[in-house]
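What TrEMBL records for A:22-61 is DNA-binding region. Annotation comment: TrEMBL describes A:85-187 as domain 'CoA-binding'. The NAD(+) binding site annotation in TrEMBL covers A:Gly96, A:Ala97, A:Gly98, A:Asn99, A:Leu100, A:Gly101.
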Protein chains: 2
Amino acid sequence: MAFKRYIPVESISELTINRLSVYLRCLDQLEQEGVLTVSSQELADRFHLNSAQIRKDLAYFGEFGIRGVGYNVAQLKEHLVNILGLNEERHALIVGAGNLGTALAHYSGFNTGGFRIVGILDNDPKRIGAQIPGGLVVEDVKFLPDIVKERNVHIGIITVPAAAAQKVFDALVEAGVQAVLNFAPTQLKGHPEVKLKNVDLKINLELLSFFLTQAGKLVPPA
Amino acid sequence: MAFKRYIPVESISELTINRLSVYLRCLDQLEQEGVLTVSSQELADRFHLNSAQIRKDLAYFGEFGIRGVGYNVAQLKEHLVNILGLNEERHALIVGAGNLGTALAHYSGFNTGGFRIVGILDNDPKRIGAQIPGGLVVEDVKFLPDIVKERNVHIGIITVPAAAAQKVFDALVEAGVQAVLNFAPTQLKGHPEVKLKNVDLKINLELLSFFLTQAGKLVPPA
């Protein structure tokens, strides 16, 4: 095997990782349909993806597929599950028990396939003690450090108002959380050792706006 | 100018459109910092993007930028706003006034930069008439067809339970809505003339899981 220069995982873009999740959803669907093998071109045609991009994205993580045959659906799925770390259970803690935090606490997908919400916290005495659909009870945010340690929390989910988000982020980092999903619409000052992902729900509305605006138009080929 | 074969906008992938939104966020930030011009390479380095991808994505929509100088930040931003149709006001209607629907009704971004939530509907008598933070009052879903027409609704947002989502989607289509954002965790049967986008919040958790799993590892170069 030829010598290879390796690059740090941190330099792989979030868009690449998001595409791995998209490929995983596609493979799930193919598996449900009983499809056993698929080429990058078939995968691309079927799900409106780019075959060269698929090959490039997967090449980051080793050699998959057999030339002329394609990928074994079950094997590629297992590879993606391993790459994304979905074979281990990740514990997540929600901070902010308003509408969004409450919705996420029982959102399908946040308690399946590798993830489990182990708590939901707030600082409002009117919310503390309330039972959330799904079974959790809102706890006092003052217990955040203990809860992170005792329940082995890997991921913090911030659903507090923008003005409180930095304080919550800092508290999560201080408590030892390694990754944070921020829904508060504000730019947080990050931490070099903690992966911070800001969720941008508006991007979906912009996608629809694009199609409403451009519907039926023609654009030059790339 | 050479003859060009044009392709339908519908064949541009959602991932490409999502990247336009990402570029727009980056340009917003550069503009706030007083940056006037930026090359695709600088944009890529600064925001961990891919410069070839940026050039390719933008090339779909015409010629931007000056070779050797780069893009004028304000002009490119304006182009992206126009491409995404954010220069027109889009009216959106939320169906499902549970925690998620209520959260989205006053989510920052859903009422700014081209979008306005013009109503929130439910079929639960206990919810109908309730005031939502932000000012809207929950209305009866039986008025959906009239509300879509009278308030000129372009986008429907589905936040009902999975079991009710198809019925709501069909009602929105029947009423004349052209684009639908579905948060219900279920596969909807679409309609050829209506753009349907399923929101996958789990993809963000999977991104964090990837970084937790792979942190510090090295991967081969692409």
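Placed from the backbone N, Cα and C atoms, the Cβ positions cover glycine too.
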Same-chain residues at least 6 positions away from A:Gly98 (NAD(+) binding site) with a Cβ under 8 Å from its Cβ, in sequence order, are A:Asp122, A:Thr159, A:Val160, A:Pro161
Binding-site residues A:Gly96, A:Ala97, A:Leu100 with CB under 8 A of any chain B CB, in sequence order, are A:Leu100
For A:Ala97 (NAD(+) binding site), the three-state DSSP class is coil
A correct count of other C-beta atoms within 10 Å of the C-beta of A:Gly101 (NAD(+) binding site) gives 25
A:Ala97 (NAD(+) binding site), Cβ-centred 10 Å count of other Cβ atoms over all protein chains shown, is 26
For A:Leu100 (NAD(+) binding site), the nonlocal same-chain Cβ neighbours (under 8 Å, six or more residues apart) come out as A:Thr159, A:Phe183
One finds that other Cβ atoms within 10 Å of the Cβ of A:Asn99 (NAD(+) binding site) number exactly 22
